[in-house]
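One structure is given here, and the rest of the page talks about it.
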Amino acid sequence: RHRHKEKWATTAPRIPSTRLALHHFDTSYSLHLGALWPSVRAGLLCEQKYGALLNNFAAADPQELELLNATDFISEAHQKAQQWQQGAAARGCQEGSEMSPPLCASISSKIKCYTFPRGDITRFRPARPDSLGLLDYYHMDAASLLPVLALNVQPGDFVLDLCAAPGGKTLALLQTGFCGHLAANDISISRTKRLCEILHSYVPKEVRDTVSVTSYDGRDWDHVKGGTFHKVLVDVPCTTDRHSAMEEHNNIFHRRRTKERQMLPMLQLELLMAGILAAKPGAELVYSTCSLSPLQNECVVERALDIAEAQFNIRIHVEDLSHFRTLFQDTFCFFSECRLGELVLPHLTANFGPMYFCKLRRM
């Protein structure tokens, strides 16, 4: 007579997306990274370190940054490469002379990004406008510049940034001063709006006129302008591991986004294939993510190589970027066991990344 049905909650208790992300990372990355995972995990859960990308179009004063003990990690690497080359030449060392040219040739001395030393968690002040209203520097994860440096834009190159928003890498590409034309595309109209705002804040009109901003689905790009670019950057949507571990907002590990997350490697593959087809024969591409996941990194590249050859009769050569580890080891922590490409690992003393990048050449 007094029995009654138990009331069930209409929804199960909500597990935070960040906790779901961490559980997923603990399961998969502990296998992939082994003994490195605990320190990488600690880095992911601590405040990210930023660099200050100097705006060459503004009247920026690097001395102010140097007085704070910040240094331009790119020019330091360039100087290191030149010293090695000179040392090798003086010794008549054949091995050194073979190694040095790619070290010098692979980085643009026109891109300048200041970082604080390892272990120094000082923050840069907010960017300030010069007399023309252009901001003096752009805050970004310094590791995000490595894919741009790997692309190695040359004077007059037609460049495609296939997934360009919010615009840090696009801005860095323009800092080289070498883009004959830059196509900056992103499927999200709201994100391309943010990209346009950054261009207006940092780039003068005569340079902006060399940039076309579009909102196509990147997977269809080869139907728009196939086989026309000298350099292609494919910085794909990914699990954005640091954001997923720290922020509930727009977290791809939210239960409602499970299917979207599971489909990411397929989306990434389709975008990379579109980038390959948009490139001219002989052109160079860089594929990049801000994830530690081999399923989103090396596996996507390997699958794209197979499809390019089997379905399109296009042969792709994977370029060796191991010299980046040598050049930038003072600034970043690299994972030494990538099958293809390079991976920057977060670390408490150098808390940049994660950033995966792999350079390809369309033969």
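Note: Cβ is positioned from N, Cα and C throughout, glycine not excepted.
Of all Cβ atoms in the shown protein chains, 22 besides its own fall within 10 Å of the Cβ of Cys290 (active site, nucleophile). Positions annotated as active site, nucleophile by TrEMBL: Cys290.
Every protein chain shown contributes to the tally, and the Cβ of Lys169 (S-adenosyl-L-methionine binding site) ends up with 24 other Cβ atoms within 10 Å. The S-adenosyl-L-methionine binding site annotation in TrEMBL covers Cys163, Ala164, Ala165, Pro166, Gly167, Gly168, Lys169, Asp186, Asp217, Asp235.
Under the heading domain 'SAM-dependent MTase RsmB/NOP-type', TrEMBL lists 57-363.
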Residue with minimal Cβ packing [other Cβ atoms within 10 Å] among the binding-site residues Cys163, Ala165, Gly167, Asp217: Asp217
Separation of alpha carbons, Cys290 (active site, nucleophile) and Cys163 (S-adenosyl-L-methionine binding site) (Å): 13
